[in-house]
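S.K.: Got a structure for you, questions after.
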Amino acid sequence: MSRLQKLFLLTVVLSTNKAVFQSIGLPEDDLVQEGDLMLGFLFPLSTAEVGRTCGSRVRGFAVQGAQSALYLIDKINKDPNILPNLTLGYAILNDCGRGKVALTRTTRLTPVMGCVRTSCSGGLVPRPFYDVAAVIGPHSSANAILVSTLLSAHHVPQVSYTASSDSLSDKTKYDYFSRVVPPDKYQTEAMVELVDFYGWSYISTLHTEGNYGSTAIRNVNRNAKRRGICIAYAKEVTRDSTEEDFDEIVRALRFFGKARAVVLFLNTFHVTRLLAAITRKNAVGEFIWIGSEAFTRGAFTGLEPAALGAFSMEIPSARVPGFEEFYAKQRPWSGYKGPWYGEFYREDFACSNNSTCDCLYPSITDIPSFHWSHWPSKVMDSVNTIALGLHALISDHCPDHNGSRSVLKLCINGPRLLRYIRNVSFDGYSAKTIALDDNGDLIGGYVIKQVRLADNGEYTHDVIGKWNRLSVGVELDLTQIKWHAKKTNDNLSVIPESVCAKPCAVGEYYIQREVRCCWDCRRCRSNERLNDDVTGCTECDPFTWPDDVNYTTCVRIPATYMRWEDPIGIGLAVLGSAGFLSTLFVMWLFIENRNRKVIKGSSRELSSVIIIGLFIAFMTAIAFIYEPTNSSCYITFFGFNISIAAIFAPLFIKTNRVYRLFAAAERCQLRVTLTSNGTQMIFVAVAIFIQVIMSTFTLLFYPPRAQLNTPVVTERYVELQCDLQLEALLIPLSFNILLLLLCAVFGFLTRQLPDNFNESWYIFISVVTTIFIWIAFLPTYLVAFYAYHKAALLSLALVLNASVTLLCLFVPKLYAVYWIDEKNIKVSNFNNLDFKDREISRTSSLKTTDISVIKVEMEPPQDSSTTDIDMST
C-alpha cells in the first residue's frame, strides 16, 4: 500500500470516527462568508518554515489571489445574469503551502457522517465543516494530488488555478479534478519545441523531486528523444539540497559544457538557489536556461545577471484593472477581509500604526518591492468556471428553486456539476477563451518570456513568443530576442550553440560515439564516396571520382592527354610544323638545284632518304598531340622508330663509305668494293628493314594500346595514354642507338680528312648533338611520372633530332649552292688528295668515278685562298 493510500485511509478513518480533528500549530484563520451556494478555497497564505507547521509571514501573491476571489464573488453576486436571486458564499482556508496542512484543511470541506459544523455528539469539540459545492485550489501539484484524492472520494468537484502535474490528468484516480491551466505535458512539449527550434540537440535537465518534477522530466526525455535531442546531464534536486549540492550541480554542468541549454523543472525556491550557485561559481552567462512556469520574476530577484537571457514558460495571465483598483484601496483597518491581510499589510509597510503607514505609502501598490502576481486572473477564471457551471446546472435542472437551499442541495450533486464545469466556455481574464477538455484540462497554451536587459539598464521579463496545443510549433518574435550567453562575441543577435558535435562537412562521415548526438567527423579519402547512411566510405571504381556536390556518387573523371590547346601542345605543334615546312622547303631547293655540282656530289639518293626520315619525324612529333587511340598509338610507335632509322642509317652508310675509301688509300689499295650508290641504298634499305622487323615483332609482343590510367589512385587524375611498355621502347630504340653510335664512331674517325671531305665533320657534329639530346632525354623519360609528360618528351626529342640533322647536314649544302660560285668548284681526282701530309702516288689505273673530289675554290677579294667542301659521290 502506498504512502498516499495510507494517508487517505487515515484521513477517512479519523474523520468518520467522530474524533477530534484538531491539528496542533494550525492557525484558526479561516475566512468564511455564508451564502446560498458555498465555494471552498485553499491558498498558501502563510509561509512554510522549518520546525513549524505554518510560518509567521504572509505570502503576497497568495493574498492577491484570495482578494481576487473576494472581488469576483462580490461582482457575481451583483450580476443579475449569473446565478440570479442567489448569493455565492465562500470559505477561504490557509494551507500554508504544505501537503499535510492542505489535507487537514480539506476535511473541513467534506461532509462527515454524524458530525456537522454546529453540533457533535458525545460532547466532543465540533470539527468545522463548510458545505461547499466545489473547491478551488490548492496551488501546487503535490498538494492538489493529496486533496483531490479526498475530494474525489466525496464527489466534490475541484478546480485548481496553478496545479499542472500530468498525474492529475489520470481520471482513474483524480476524476473530480479540473484546472484552468494546461498540464505539464504540454509545457514540456513547448520547452522541447523551443530547444528544437534553435537546433540545440545536446541539453541538460534539472528537476525538483516529487511528482511535479519527475513526471515533467519524463515527458521532456520522451519529447527530446522523439526529436533527436540528447540529455547530457540530468539531476534531481531534493528539498534538503545544500549550497554544496548546488555548487556540485554547477561543476557538473560545466563538465558537460557543450550542453549549454539547460531545461529547468524546479520550484521557485530551487531556481533561486541554483542562480545563487551560478553567481558564486562565476558561471554567469555560460548557460541558457529554459525554465518552467516556476521561473518567475520573484525567483531571480537580486540574481538578474545569472538569469539574463533565460527563457521561461508561463501560463497566460493578465492584469485585471478593476481588481487592481479594488486591491489598491484595501486597508487593514478599514473594510479588509481576512486575519492574514492586516499582518501582510503591516509587514510590507514596515510600520505598526495606521497613521504612520498611511503617511509612508498611501497604497500597498506604492511599496517599491510590490509587483502584481499572475494568480488573480487564474483564480478569477476558476471562480467563473464553477459559477457558470452552477448557473447552467440550475437553469437546466432546478430553475424554480426560489432560493430554497434544500431544493438546491437535492438539485446540485458532484457528478452533475462536474459535467457542467467541463462544458463551460467563456471569455476569460487570463486567456481569450477558457474551455476544458474531457480530462478537465485547459485547452490552451503558454506564453514564452525572456529575461532581458533594457537600454536603460533595467532587467525585464518580457513576452517574446507563445505556444498553443492547437497550433504547430512555437511562435517567436525574433526581433525581440537578445542573447547574453558567453562565446557569442558580445553580439546580441548571435544564437549560442548547444550541441555535442556539429554536423559533418560535405565529404565527411560520422563516427558515432556512445551518446547518439555525439560523433566525430572524418573525411573520406579523396577517391572515396560517402555511403548512403553517411557512416563510412566506399572507394570509387577506377577512373571515377566522388561528385563535388555531396560526395555520395562517383562520376567519371575526364581523361587528360596532350591537346592542341595546351601550352605544350601548341609549342610542339609550332615546332613540328615549322620543321615540316622547313624540310619541305629544303626538299624543294634540292629538287630545284639537283643538277648543281654540290647537290650531285652529296649523294642525292642518301640525302633523299634522310629528308624522308625528317618528314616522318616531324609528322610523328605532331601526331603525339592527337587524342590517343589504338591507331594513333601504332602510328606514333612506328613513326618514332622508323624516322630515326631513316635519318641515321644513311648517315652511317655515308660515313662508313668515306672511312673505307680513305683507309684503303692509306693502304694503297687500288679498289674498294661495295661503294657504289646502288650498294649504299641497299645497305640503307636493309638497316631500315631491320628496324621495321624489330618494331613489328615488338608490336606483336608489346602492342601499344590506348587506355586509361590512374598514376595515383588518391588523385583526381586520369590519363588517356598509349600503354607503351618500357621493353617496347627500348628494343627498337637499341637498334637506333646502335646506328647513332656507329655514326659517331665513323664521324670521329673521319673528322681529320682533307678539307675537301669535311662533310664528315658536320655529320659528327650532328650525331654528337643528337647523342647529347638522348643522354638528356632517356633519364628524363624514364623518371617522368605522367604519360602526358612522356608523350611530350618523345615528341620534343623527335623535333630536336630532326632539327639538328636538318641544320647540320643540309644548310651547309644550300649555303654552297647559293653563296659560292660554281665556277670556283673543280673536280680533282684521287691523285690530288693530301692525307696525313703524305703524297699518295697513283700506281694503277683507278677509275675516276670510284672516288672523285669536288674542289671548290673561293677567291676572296683580297687573296686567292680556297675553301674546299667535300661531296663524295
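Here the Cβ of each residue, glycine as well, is placed from N, Cα and C on the backbone.
Feature table excerpt (TrEMBL):
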- 1-19: signal peptide (SIGNAL)
- 568-825: domain 'G-protein coupled receptors family 3 profile' (DOMAIN)
- 568-591: transmembrane segment (TRANSMEM)
- 606-626: transmembrane segment (TRANSMEM)
- 632-653: transmembrane segment (TRANSMEM)
- 681-702: transmembrane segment (TRANSMEM)
- 729-749: transmembrane segment (TRANSMEM)
- 761-787: transmembrane segment (TRANSMEM)
- 793-816: transmembrane segment (TRANSMEM)
S.K.: At a threshold of under 8 Å on Cβ distances, which of 632-653, 681-702, 761-787, 793-816 pairs most often with the transmembrane segment (568-591)?
M.R.: 793-816
S.K.: May I ask for the residues of the chain that lie six or more residues beyond the transmembrane segment (793-816) and have a Cβ under 8 Å from a Cβ within it?
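M.R.: For the transmembrane segment (793-816), the nonlocal Cβ contacts are 562, 572, 575-576, 579, 582-583, 586, 589-590, 598-599, 602, 607, 610-611, 613-614, 617-618, 620-622, 624-625, 636, 640, 643-644, 647, 651, 759, 762-763, 765-766, 769-770, 773-774, 777, 780-781, 784, 856, 869, 871.
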S.K.: I need to check the long-range neighbours of the transmembrane segment (681-702): which residues 6 or more away from its ends have a CB within less than 8 Å of a CB in the stretch?
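M.R.: Same-chain contacts beyond the flanks: 605-606, 609, 634, 637-638, 641-642, 645-646, 649-650, 652-653, 674, 724-725, 727-728, 731-732, 735-736, 739.
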S.K.: Compute the average pLDDT of the predicted model within the domain 'G-protein coupled receptors family 3 profile' (568-825).
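M.R.: Residues in the domain 'G-protein coupled receptors family 3 profile' (568-825) carry a mean pLDDT of 83 in this prediction.
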